[in-house]
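According to TrEMBL, the protein carries these features:
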- 1-184: domain 'Major facilitator superfamily (MFS) profile' (DOMAIN)
- 234-421: domain 'Major facilitator superfamily (MFS) profile' (DOMAIN)
- 12-33: transmembrane segment (TRANSMEM)
- 39-61: transmembrane segment (TRANSMEM)
- 73-92: transmembrane segment (TRANSMEM)
- 98-122: transmembrane segment (TRANSMEM)
- 134-154: transmembrane segment (TRANSMEM)
- 160-180: transmembrane segment (TRANSMEM)
- 230-248: transmembrane segment (TRANSMEM)
- 268-288: transmembrane segment (TRANSMEM)
- 309-328: transmembrane segment (TRANSMEM)
- 334-356: transmembrane segment (TRANSMEM)
- 368-390: transmembrane segment (TRANSMEM)
- 396-413: transmembrane segment (TRANSMEM)
Amino acid sequence: MGIKLYKDNWMYALIPYNIAMGPLSTLITLQILRLGGNVIDVAYTISLANLTSIIGSLIWGFAADYFDRKKQILLSLSTVGLTLVAISYTKSISLIEILYSILSFLNTASSTPLSLLIMSTVRKDLWASSYAKLNYLSSVGYLIGLLGSSLLAIYFKLDFIVILMGILVLISFGLSYYFIPKPELHIERTALLHNLESFLIRLKQIPTIFIHFPSKYSFKIFSLSRLKSLVSAYVPLLYIGMFLFYIASGIFNTEYPAGLKEGGLSNSLILIIFSIGMLFQIISYYLSPRFINKLGKARTSWISLLMRGSSYFIIGLLTVIIANKISLILSGIIFYPIAAGLAFSAFYTASSIMIFEIVKSGKEGSTLGVYSTLTGIAMTLGSFVSGYMVRYMGFGFTYIIAGIILLFNVYIFKTIERLPR
């Protein structure tokens, strides 16, 4: 008797969850500021959440090898929904920091099982289209969440919007209980590393994957002798480039919502700016493969870094020179979509394919754990230092520095483009 296969209609059960996740980090930032918090509080909250999500990706990833994956998904959805409801009633910034960190840890529990569920329940020749569908529904959910919350913010307080997001996640829990199948086939996590679509989806959810925890010897890839060699410099340079990308992105993304709020924009306007960025991101995801096929992965990467870094720099410059509501709105609807939409999607797709090719070459044991460790450190470090940068330099110069880091990164990826593969 063969393995029972299912249709992929269960993906629609996750739409309410994706709607809730779209505006979540922005809502948390705005909630902290509403309660009287400052940029340091925002930095602590986001960096702690990043740290717990990294720990979660390690723990829950290994758990997925031994426990019922449907139950792991349901555990994640139910606890995330309940934690969101708890956050909506919280009036303490410290408690928000703790609850949001717990939420980030629990949220990672569903990422690996969901990525593997398609492999376990859908025919292999339909994997690519099913992963594309999952990515599309996720992106549309995020966009609906951002647009919906921007409208709700006109009429309702943030507390109400957050509790509504919690209810949406609990709705996904109920739908998933009935519609997500329990696969008979147990696919090992390493399967994610041998299918491009599943690998891209998994990295998009959380950019850290620990199949094996790296030893201190794994970091020898960054030795000076390897960096000097044209043959062996490709992997360490790529990972250094990704490290710089996540540091710069952590610095900018952590404080940009706070910068807009401190500049006098309403919650609704801030969420609209992020909605436009998400719309451009969705469009770019579908255009990126064409650019990569035409220009190559490394060239697409450095061109997108040039766009993203320049956008950060210009947003920062306008914040320093003009710093009024009009300039914040204009830079937000012009340059932010370029950075967070067009440039991010192109860079994410191209660089993730480059990492996938390294993994598929059989070096995953020694390099994937190193990549995940560096990425996790960069995300956490970027978010953590951003608050202090804003306190001592202001929002504008903080954005400018994030832009300069990305512009320097252009040089690294130009170097990678010239290396033999």
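Going from the start of the chain as shown, residues are counted 1 onward.
Even glycines carry a Cβ here, placed using N, Cα and C.
Keep in mind that TrEMBL annotations are predicted by a computer and have not been checked by a curator.
Here the transmembrane segment (396-413) does not touch the transmembrane segment (98-122). Their Cβ atoms form fewer than 3 pairs under 8 Å, with each pair 6 or more residues apart. Between the transmembrane segment (12-33) and the stretches 39-61, 134-154, 230-248, 268-288, 368-390, it is 134-154 that has the most C-beta pairs under 8 angstroms.
When each of 98-122, 134-154, 230-248 is checked for Cβ pairs under 8 Å to the transmembrane segment (368-390), 230-248 comes out on top. When pLDDT values are averaged over the domain 'Major facilitator superfamily (MFS) profile' (1-184), the model yields 89.
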